[in-house]
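Inspection log for the structure reproduced underneath, given as structure tokens.
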Amino acid sequence: MVISCYILSFTSLLLPAGAIADRHGRRRVLLIGIALFAIASLTCALAPTASALYLARAFQGVGAAFLLAPSLSVIGHEFHEGKQRDDAWAFWGTAMGMMMVLSPLIGGLLSSLWGWRSVFIAILPFLAFLAYGAIRWVPDSADAVVRPLDPPGIITFSMAIFGIVFFLVEGLAQGWTSVVALAGLGLGIAMGALFAGIELKRRHPMVDLRLLASPRFVGALIAMIGYAVSAQVMASMLPQYLQNGVGLSALATGAGMLPFAAAMLLFPSVGRRLGRRFSSEMVLAIGLSITAAGNALAGIGAWHNTPMVALLAMVIIGAGGGILNGETSKAIIGSAPRDRAGMASGISATTRFVGILLGFTVLSSALTVGIRAGLSARVPAEEVMRLADTIATGALSQGDPVDLARAIYSQGFAASLWTAAIAATLASLAVALLRKRN
């Protein structure tokens, strides 16, 4: 529930935040986002009840949306040509890769030492430094042409994304045919259709839907989804495999993730060099192909219970993810007019995080199906469901067969890895085909 509140508000407001930054000034909105996030973080740390924490986390998601979208917009607007653009996005990709890997480790360490409230307190000095840096070094910029806000578009888009994300979150928790999940899906579809109708009729829409006619733009969106599913979701699922499948301790799992983290940190610079020799679409296809190969090889290692093969493959996944991390955002934002960088950054961030949720949903389902298939041939039918849930979460009780559970988890995780490989392969093929149409 704590995470869901944050995700729902965050993903729903990314695109409106980018559009507002275009109109009112990117640095100004960025500073507002920093302030909101800081206030919300302090409120989370001081929350006296669970309900207060839920509300504070939702508020924190609002601040995060108004922090991330303008920051991407600043990069897209200020660094839009040649070497500067490539260097800026490579640096951003390195920073994102570093935080994607280190944040869970740092958060876990702080929680174990000083409790969960310390995680929110520790954010505040970094936010203060970020605000100083924004005031000191980030130039303010806004659209040369002042466009009116699009309240109907903002409301309908936010409700559409809210409904879709709600469906993914609740469907995974309560079942895909539950009334609550289906209500979210219905809301998302209805509001999405209404949003499209409104935007097509407005003179100054929040989203220029004509971009969907651009093969380059559509290819970049597909690449972002493929990257989110095959690399970003795996950054969260691979530690679970090392613990539940291989049997490593929490400390050893952290050490086991270091090669993956190193690849995520080093390979954005490789993507930058590739970008100077090849088109953006080609770099995306290369990154997705590398990620697909890494997931496929890791699946073989997990299936045959050879952790060293899986660990080697994790480096390959990290390498592909490192190439894609900044390149995907650069491709999406670079496909839009420079004065609509905020809109494009909102689209980029929304696609990324909806892709992560979609990927986590699909890959978790593949894990569960794989575990149940492995159990069905080894244990009585009445034990399959109970053991499947227990193995998937790693919550084994005394008397459960540990060695069998690890072997079954590894085989189930292989199904997740191969599903991720298929997703990355399909995304790579789509990008290549759209490149020919461009």
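Counting starts with 1 at the first residue shown.
Including glycine, each Cβ sits where the backbone N, Cα and C put it.
All annotation found in TrEMBL is predicted automatically rather than curated by experts.
Annotation source TrEMBL lists domain 'Major facilitator superfamily (MFS) profile' at 1-438. The signal peptide annotation in TrEMBL covers 1-21. Feature annotation from TrEMBL assigns transmembrane segment to 29-48, 54-76, 88-110, 116-137, 149-169, 175-196, 217-238, 250-270, 282-303, 309-333, 353-375, 413-434.
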Contact between the transmembrane segment (88-110) and the transmembrane segment (309-333) (3 or more Cβ pairs under 8 Å, separation 6+): yes
Long-range Cβ neighbours of the transmembrane segment (250-270) (under 8 Å; 6 or more residues past either end): 89-91, 93-94, 97-98, 100-102, 105, 108, 235, 238-239, 242-243, 311, 314-323, 325-326
Surrounding residues of the transmembrane segment (309-333) on its own chain - C-beta under 8 Å, 6+ positions past either end: 72-73, 75-76, 85-86, 89-94, 96-97, 216-217, 219-221, 223-224, 227, 230-232, 234-235, 238, 241, 246, 256-257, 259-268, 270-272, 274-275, 280-281, 283-284, 286-298, 300-302, 341, 344-345, 347-349, 351-352, 424
Listed stretch, out of 29-48, 217-238, 413-434, that has the most CB pairs under 8 angstroms to the transmembrane segment (353-375): 217-238
Leading stretch by Cβ pairs under 8 Å, where the reference is the transmembrane segment (116-137) and the options are 29-48, 217-238, 282-303, 413-434: 29-48
